Amino acid sequence: MQSTLELLRSSDPDVHAAIIGEERRQREGLELIPSENYAFPEVYATNGSVFANKYAEGYPGRRYYGGQAYTDRIETLAVERAKQLFRAEHANVQPLSGSPMNQAVYMACLQPGDTVLAMDLSHGGHLTHGAPVSAMGKIFNFVRYKTSPPDGHIDYDHVRSLALDVRPKIVLCGHSSYPRELDYARFRAIADEVGALTMADVSHIGGLIAGGALANPIDAGFDIVTTTTHKSLRGPRGGLILCKSSLAQRIDQAVFPGMQGGPHMNAVAGIAVTLKLAAEPAFKAYAQQVIRNAQRLAAELLQRGCKLITGGTENHLLVIDTIQSFGIDGRVAEAALDVAGLTVNKQVIPDDPRPPLRPSGIRLGTPAMTTRGLGEAEMVLVADFMTRAMRAHEDQKTLEGIHDEVRGLCARFPVPGLE
Ligand SMILES: *Cc1c(COP(=O)(O)O)cnc(C)c1O
């Protein structure tokens, strides 16, 4: 690795400098975006491996190109490990990322115009769950359920009455900004009542499920479970589809040749490694710690006057209403925290009256920090840094001073692989 980086330094100093700069940014700042993480160090090796050179259209044993002895071996390893770790009947490890992964499921299971019942974007759902701006939103009919006040939890009676009303082909649960655990059995019962397939998109929490810290929708009899591999799982960027055997052929055909050509075999190699590491006891401890850290961070933020959507968290993420808490919108909060070395993202809150680029809140989470080894004691410091930075959002000097403190903390917790 070192030698190829040295080569890059001389052939393209601009790109080389950007990589070094990004490495330093990741080392010296705290990553609080809940969908981000630091990959297992082994993944840097697989990402940069010769598998990136190889075309492998098709599936193990039935490819469209020769020279597949090793690609077949790693894809079979990845598939078998995925099935075992998630207790699934079938796995597809080829989706290039989370979005094509979900698109492939829709293509496999729906006809144009069919209805999907999914969570509203501003209430925690994802763009790929039929947001009007997404391509899938134009092809299929997405009907959206929302969380309900005052506690901000999913109202399952409301989901059921919508399902009875619109008779969806798929009942979809899963989220990017909902800080609560899901009642998979309840979703399954609702879907059964209307004869729909059950799909859980656990992209954010795939690692927490693999580590046994959150419930696995497959155990509740879900037909399809999708997850990205680069978030809480700590793998390369990619997508993983798990499903019942009865859907296997349709799903595989929808991924290739339906949606994609050649899979990224360097990513598939990384997914194989990731699934091996995620089955180890150390990863179980990690998954539990992610949630303990999030709950401690929530408690500390509440104590310092922050208003949290749903009042807390049961998973790895939190949403702060920054308007109510500090009188600043999410964009201002994100920018102030950035100067202080704390990376978060602005976030719409349920039925946000403000536009998406100036929303009412921010979203944050603990997977990346926990990978560095930060624990509950450090969450007290993080809550303190955050609230001080948001209060001092106009005071550049204070924000830079906080970044110095953040650098000090980061120095004690090196990023695995970037020490
Ligand atoms: C991140 C995410 C995706 C999409 O993943 P990309 O790799 O960014 O395309 C899909 N669904 C959910 C719930 C997500 O959080």
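Cβ atoms here come from the backbone N, Cα and C positions, even for glycine.
Bear in mind that TrEMBL entries carry predicted annotations, made automatically and left uncurated.
Straight from TrEMBL, the features:
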DOMAIN    9-386  domain 'Serine hydroxymethyltransferase-like'
BINDING   L121, G125, H126, L127  (6S)-5,6,7,8-tetrahydrofolate binding site
SITE      H230  site 'Plays an important role in substrate specificity'
MOD_RES   K231  N6-(pyridoxal phosphate)lysine
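Shown here: features listed in TrEMBL, placed on the structure.
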| residue | record | contacts (Cβ under 8 Å, 6+ apart) |
| --- | --- | --- |
| L121 | (6S)-5,6,7,8-tetrahydrofolate binding site | L127, H129, A131, R144, V348 |
| G125 | (6S)-5,6,7,8-tetrahydrofolate binding site | A118, M119, A131, R144, G174, H175, S176, Y178 |
| H126 | (6S)-5,6,7,8-tetrahydrofolate binding site | G98, N102, G174, H175, S176, D201, S203 |
| H230 | site 'Plays an important role in substrate specificity' | N37, A39, P236, R237, G238 |
| K231 | N6-(pyridoxal phosphate)lysine | P34, S35, E36, N37, S203, H204, G206, G207, P367 |
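Every protein chain shown contributes to the tally, and the Cβ of L127 ((6S)-5,6,7,8-tetrahydrofolate binding site) ends up with 15 other Cβ atoms within 10 Å.
Compute the center of the Cβ atoms of L121, G125, H126, L127, which mark the site for (6S)-5,6,7,8-tetrahydrofolate; besides them, the chain residues with Cβ within 8 Å of that center are A118, M119, D120, G124, T128, H129, G130, A131, H175, S176.
Averaged across the domain 'Serine hydroxymethyltransferase-like' (9-386), the predicted model reaches a pLDDT of 97. Taking a Cβ distance under 6 Å to any atom of ligand 1 as the criterion, the recorded positions L121, H126, L127, H230 reduce to H126.
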